[in-house]
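Participant: This is the structure, below, for whatever I ask next.
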Amino acid sequence: MADHIPLNPVRKNSKRIPYINSARRSRYSLEDESSNLDEMPLMMSEEGFENEESDYQTLPRARVNQRQRGLGWFLLGGWKVLCGSCCDCLARICRRKKELKARTVWLGCPDKCEEKFPKNAIKNQKYNIFTFVPGVLYQQFKFFLNLYFLVVACSQFVPSLKIGYLYTYWAPLGFVLAVTMVREAVDEVRRCQRDKEMNSQLYSKLTMRGKIQVKSCDIQVGDMIIVEKNQRIPADLIFLRTSEKNGACFIRTDQLDGETDWKLKVAVGCTQRLPAVGDLFSIRAYVYAQKPQLDIHSFEGNFTREDTDPQINESLSIENTLWASTVVASGTVIGVVIYTGKETRSVLNTSYAKNKVGLLDLELNRLTKALFLAQVVLSVVMVALQGFVGPWFRNLFRFVVLFSYIIPISLRVNLDMGKSAYGWMIMKDENIPGTVVRTSTIPEELGRLVYLLTDKTGTLTQNEMIFKRLHLGTVSYGTDTMDEIQSHIVQSYAQVPSQPSGGGTSGATPSRKTQTSGPKVRKSVSSRIHEAVKAIALCHNVTPVYESHVGVNGETESAEADQDFSDDNRTYQASSPDEVALVRWTESVGLTLVNRDLTSLQLKTPSGQILSFHILQIFPFTSESKRMGIIVREESTGDITFYMKGADVAMASIVQYNDWLEEECGNMAREGLRTLVVAKKSLSEEQYQDFENRYNQAKLSIHDRALKVAAVVESLEREMELLCLTGVEDQLQADVRPTLELLRNAGIKIWMLTGDKLETATCIAKSSHLVSRSQDIHVFKPVSSRGEAHLELNAFRRKHDCALVISGDSLEVCLRYYEHEFVELACQCPAVVCCRCSPTQKAQIVTLLQQHTANRTCAIGDGGNDVSMIQAADCGIGIEGKEGKQASLAADFSITQFKHIGRLLMVHGRNSYKRSAALGQFVMHRGMIISTMQAVFSSIFYFASVPLYQGFLMVGYATIYTMFPVFSLVLDQDVKPEMALLYPELYKDLTKGRSLSFKTFLIWVLISVYQGSPGPLQTLRQSVSQYLRFPPAIRLYTPAFVRPVNRYFCNR
C-alpha cells in the first residue's frame, strides 16, 4: 500500500520533509532505494530517538528548506498567518494560563491549601454581558460579505458619496444583524439556564458541626462531600468511605468514557475502617495527588495519616478515585475533593464548542471577493474612460457604491431563510422521526461529507450481549439446544444428596475424579458440560447487586444483608458486558451467582444448594495479556482450582494440545461472535503456597514490578486443561449493515473510534460489515518508541487493500513522529478502527483528517465521551440512546437511530447543498443584472455616476419582486428521494463541489451580462423616440449631458 511514501521522521504538526538536493539524496540513500524502501533503516539509534533534546535539523532526511518570505508570500496569504500569530500571542498573554502542579489536600480543611484552585462551576456560555455585542458583531463582520456592506453603508453618511436614501443600505444590514443577535441571544440564555441548573444542585458537605447543604459551584478542594445513590459526582474525589459493608461501590461512567458498564471502586482502607463517619475529623491525614491530567484511566497518589506511630501510608490508584460527571450506582459514598472546575478529568477531556462555518459559505465568500475585484476594475474603467477629470477619486468611490448591487446583501438573508426551511423539512420528515436540527447554519454540509467517524458502543451496537454458542471440542451447542445443557446441569447436581452445613451456605458438589498423574480417562459429555459451566460461573469479575426494598415497618432494608437471593431482585454488574452475558447464561442453565465480595463468592445450584468459594487471587484482564484468571478454594472440599479465560491468540499456547480450537475460533469470528477460551488447572496446597510466596515477593519489588509479577503468573499458565470455547454476540443497531453499505457506495470512508478493547472493536467491525469478509485486517502492534513505530509502519505499508486496527497508545506514538506519513497511509485504507481512544484522541483524529485531507468530516456518537469529537467535526450528529442526551445536545443534528443517517445524508444533505448552491448563484445573478444595466446606463450618459434606480424600488427588487424564484429554488428537487437512496453513487458527485464552482459562476456571469445589456439600450431608444415628438420649447429643458445622446439617435 502506497509504496512510494517514505517514512521521514518529522516533528509534531510539521509538514513532510524533503531532501535538500539530489546530491545529498544520493549520498544518504541506499544503493537500490526502490527495492529496499520497505527495509529502510532508521536514521538514529534508539538512544537518539528517546533523547528529547536531539537536533532533528541535523538529520540528513530532516533538513527543511526555509521558505522565502517576501512580498508575494505576504500578499498571497502571509498577512493572515501574521495576523493569526499576533492574535494568538495576545490571547495567551491575556489568559495567562497557570501551570498545573501536584497538590497536597488535607481532609476537611480547604483553608490549608496553599494555592488557589478554580471554582467548581460548569460554564458553557460563549459570551457574557460585556462581550455579547462585540463577540456577535465580530463573528458577523469577519466575513468579507458583511464587512463590505458595512463599509458601503457607512460611506452614505458622507454627502459627496451619497447615492440614494440611507434606509436602502442600512435597513437590510440592520435586519440581518438583528436576526442574528436575537438568535444568538436565545441560544445564550438557554445555555445560561442549563449551566445555572447544574451549578445549583445541592450536595451534603461534612463539617465539624455536621452535615450542611452546599451548591455544586461552591465546593472547594479539600471539602469532604457525601454523594447519594444515583447522584452525579460534582468534582474529582478520592474515595474515603462507603455505606457498603465490603468497602466498595459501583459507579456509572457512561458520560465520561462512553461505557455503560458499572465500574467497581474501592475506598481507602484506613478511612473505611474508622468506626463512625465523624472520626474523619478526629484524624490528621492528607492526600497527595498528581497534577491534573487528561488520562481518565490512570492516577497516582498517596494517602498519609500522621497521628499514628508509625504513620500510615497507602498508595492510591485509579480504583480509589471518583471522577466528576460519573454517577454513584450503589450505596452512599464520601470523598475528599482533589480537583475542581476546569481541572477535573471530564472538563480537561472536553473541547469547547466552535462556531462552525459551512464549506458552501466559504466558497460563496471567495466568490464575493472575486465579484468585489471585478467591481473595482469596472469602476476604474469607468473613471479611466472619463479621462480622470475632476475629483476622479470621489467618482471612483461613487461608482463602487453604484455597482455594490453586484454583491447583494440579500444573499445572506435568502441563504439563512433557505437553511431554516431545510431544517424544518428535516424535522418534519416522517421517515426519520425524532430528528432535531440544533445548528441551522450548516444543513448543506450533510451533502459534502467524505469521512464519517463513528463511535461503537450505543451507536453501531445496542451494547446488549447475548450468549450464542458453547463448543466443547466434539460437540457444539447453540441457542436452540441450551435446554440440553440445562438438563445435564440438573442431572449432575442431583446425583449427590444435599449435605447440611453449619452456616447453611455451603452444599455439595457432584462427585468427580481428582486429577492425577495417571493415564487420562475420557470424560463423559455430562461431566465436561458441568466443568465448563462451573468455570464460566466462577471466572469473571461480575458482582450481583440487590436493590433495597422497604419493609413492613417502613424502614429500608438491604436485601443482600438478609441473604434474599430472589431472582427478581438481582442484577449483575461488571466492567465488561461480555462478563454479564456469560453469568446470565450460567443462571439460565441452572448455576446462579448469588453473592460476591472482595474475598468470596457463592453459587446456587438448580436444587437450591449454595456453593461457597474463597477467592485466593484474581488476575484482571489487560490489553497486553488478553486474558483474566482467578484462583478459588471450594469451601466444602478444600480443592484449589486455577481458572482462566481469554482471547484465542493468548490462550492457544497455554492450553494443552488440541486440533479444533483454531478452526472453531475462525468459524465463530466469521459469524461475528466474540470468542473466549476457558481453561482450568487444579493446584495442590503446596503448589499454591509456593506460588503465593513468589507472587507476594514480586509485588513488593521496586524495580520491574510488572515484569516480575507477570513472570510468576506465567509459571502457572502451562498445560492448562481446555474446557470450552464460548461465543457471544453484541446486538447491532437496526439496519446497521445496509446503512454502512449505503454510505460506502456513496464514497464515504468510515472510521470507527472507540474506547473499547481491541478484540471487541475488531469483532464489531466484522459483524457490522464495516470490514468486508474479503478484506484483510492489519492489527497495528503496540509500539512505544520511534524505532518500533518506524518498523511497524514499514510492515503496514506492504499491505494492500486491508483495514487498519490500531490502539490509542500506538496511535499517539505514530502521530508524534510520523504524523503525515501515518495519516496518508490510513486514508488509503477502506476502513480504520481505533480502539482504546480517549475523548481527546477522538477529537485529535478528526482535526488531523481536516488538516491533512481538506475534506469534510462528520462525527456521530451517543455518549458524553463523544462530545469532543462531535464538536471538532465539520458536522456533528448525536444519537439519543442509553448513554444519555449529552452528545445529542452538543451535536448539530440529533437522530434516534443510526440507520437514519442514510436518509439524512443521501436525501436531505443532497437537497440542501444543491438548493443552496443554486440559490446563492441566482441571488448573485439577480444583482449582476442590475449592475450591468447601471454600467450600460452610465456608459451611454458620458460615464456619469448617477443611479439608474433609486429608493424603495431597489429594495423591493431584491426582496418582494423576485421572491418567488427564490422560494422555488428552496423547494427544488432534481431527483426523487427514492432514487437518491437507490443510487447512492449520486452522492459522490456532490463531494467534488461541481454545483458551485468558478466554472458555474462564470456561466451565471455571462447570462447576467446577456440579460442586463439590451434593457437600457432599448429603453433609451424608446425614450428618445418619445422625446422627438415633444415640441421644441420643451426640448430646451433637456439636460445638457442628454443632448449629445439625442443627436446621436436622431442621426440614426
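Please read every residue number as a count from 1 along the shown chain.
Note: Cβ is positioned from N, Cα and C throughout, glycine not excepted.
Pulled these from TrEMBL:
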ACT_SITE  D455  active site, 4-aspartylphosphate intermediate
BINDING   D455, T457, D862, D866  Mg(2+) binding site
COMPBIAS  557-566  compositional bias 'Acidic residues'
DOMAIN    114-170  domain 'P-type ATPase N-terminal'
DOMAIN    212-345  domain 'P-type ATPase A'
REGION    494-525  region 'Disordered'
REGION    554-573  region 'Disordered'
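Where in this structure would I find these features, and how exposed are they?
Facilitator: Across all of the domain 'P-type ATPase N-terminal' (114-170), the predicted model scores a mean pLDDT of 82.
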Participant: Rounded to a whole angstrom, what is the C-alpha distance between D862 (Mg(2+) binding site) and D455 (active site, 4-aspartylphosphate intermediate)?
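Facilitator: Given the Cα positions, D862 (Mg(2+) binding site) is 8 Å from D455 (active site, 4-aspartylphosphate intermediate).
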Participant: Measure from the Cβ of T457 (Mg(2+) binding site) and count the other Cβ atoms within 10 Å, all protein chains considered.
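Facilitator: So the number of other Cβ atoms within 10 Å of T457 (Mg(2+) binding site) is 30.
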Participant: Write out how many residues of the domain 'P-type ATPase A' (212-345) are helix, how many strand and how many coil, based on DSSP.
Facilitator: 19 helix, 52 strand, 63 coil
